[in-house]
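TrEMBL annotations:
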TRANSMEM  27-48  transmembrane segment
DOMAIN    44-284  domain 'Rhodopsin'
TRANSMEM  60-87  transmembrane segment
TRANSMEM  107-132  transmembrane segment
TRANSMEM  144-168  transmembrane segment
TRANSMEM  188-208  transmembrane segment
TRANSMEM  220-241  transmembrane segment
TRANSMEM  261-280  transmembrane segment
Amino acid sequence: MRYPLPEVVKSWPPPNQVDPESKGPSLLIIESISLSIALICILLRLYVRTFMMRKSWWDDWLKVGAAIFSILVTVCVIVDTDLRYGWNIHVWDTTFVQRMQGRQISLLGQTLFVFASGLSKLSVLTSYLRIAPLGSTFQRGTQVITGAVIAMMIIFLIVTWTQCIPIWHNWDPIGQDMNCMAEWPPLAGQTVTSVITDILVYLLPMPTLFRLRLQILQRIVLMILFSLGIVVVAAGIMRAWWTYYVVEMTYDITWDGFDLWMWTALEANFAIICGCVPVLRRLLPAPMHNIVRWWICPQRGQRSMVLAGLQQRIRG
């Protein structure tokens with residue numbers, strides 16, 4: 001937590017703890033909508049896999065786990081940005097208790113996000129392992145990135161809960177005699193590597209898809225279907241920027257941290273939505289579904305034996 005210098009505190013206006021300026025209910029509206037869409041998508045995914053296809057697998061249940069943690073992240077964000085905890089008002093208008101409790105929920109939210117983000121990535125990677133040809137570069141790359149994601153989840157959890165010893169120094173609103181490491185380096189490591197692994201996860205199948213014996217437009221449609229995660233990458237970049245801004249560039253952390261919280265929950269919810277969309281094409285009306293299948297699937301004589309597993313996955 002960044003503590004202001006005495007001269008900075010002197011420049012602040014008098015505190016207003018009766019009717020402070022706030023950012024209003026915009027975050028509550030945005031997060032409620034994104035979470036609702038994410039929950040609808042995960043429920044529809046389970047319906048498709050369990051009742052229509054009757055073949056759910058680990059990728060589906062990992063996505064369910066990610067959705068549970070995404071719900072918890074969003075709840076933390078909404079609670080923390082409520083006036084009670086002060087993350088939507090200026091820091092000089094917050095009370096001692098608000099700063100302490102807001103920091104506690106912040107630590108909880110960071111922990112939950114590690115699980116929400118990590119399980120979403122593992123869900124996508126597990127689906128790749130199911131379709132990747134044995135011994136292929138695609139399979140080996142998926143295994144390496146899967147191991148990296150699991151390792152980073154463990155490292156980030158350890159660092160989050162040991163950056164201050166004892167742990168309650170994390171939410172000390174006074175900041176005197178604290179035994180804490182600098183906050184930005186571990187957060188930089190977490191946000192930057194999260195974006196990098198997102199990019200790798202969603203780019204991983206592209207070389208394989210590009211080599212499919214399809215017409216160029218068919219390949220483009222297929223690659224778009226598998227690259228919807230670019231939305232998650234964009235949200236991750238915004239979260240990384242606001243993390244840097246809140247930790248390194250401002251002392252009004254409760255006011256500017258509002259945007260950081262917003263992008264944190266959006267990234268978690270977007271990961272659920274984008275990970276479910278390819279499965280939901282099965283819900284298209286029969287004529288439209290047949291058109292989509294015809295558009296992205298070649299004739300049997302054009303199929304590569306090496307990529308048969310991947311194309312079987314595409315067909316549903």
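Glycine residues also receive a Cβ, built from the backbone N, Cα and C atoms like all the rest.
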Stretch among 60-87, 107-132, 188-208, 220-241, 261-280 sharing the most Cβ pairs under 8 Å with the transmembrane segment (144-168): 107-132
Interface-richest range of 60-87, 107-132, 220-241, 261-280 toward the transmembrane segment (27-48), CB pairs under 8 Å: 261-280
Long-range environment of the transmembrane segment (220-241) - Cβ separation under 8 angstroms, sequence gap at least 6: 120, 124, 191-192, 194-195, 198-199, 201-203, 205-206, 209-210, 212, 214, 260, 263-264, 266-267, 270-271, 273-275, 277-278, 281, 295-296, 314
Remote residues contacting the transmembrane segment (261-280) - C-beta distance under 8 A, at least 6 residues beyond either end: 27, 30-31, 34-35, 37-38, 41-42, 44-45, 48-49, 63, 66-67, 69-70, 73-74, 77, 80-81, 87, 109, 113, 116-117, 120-121, 123-124, 225-226, 228-229, 231-232, 235-236, 238-239, 242
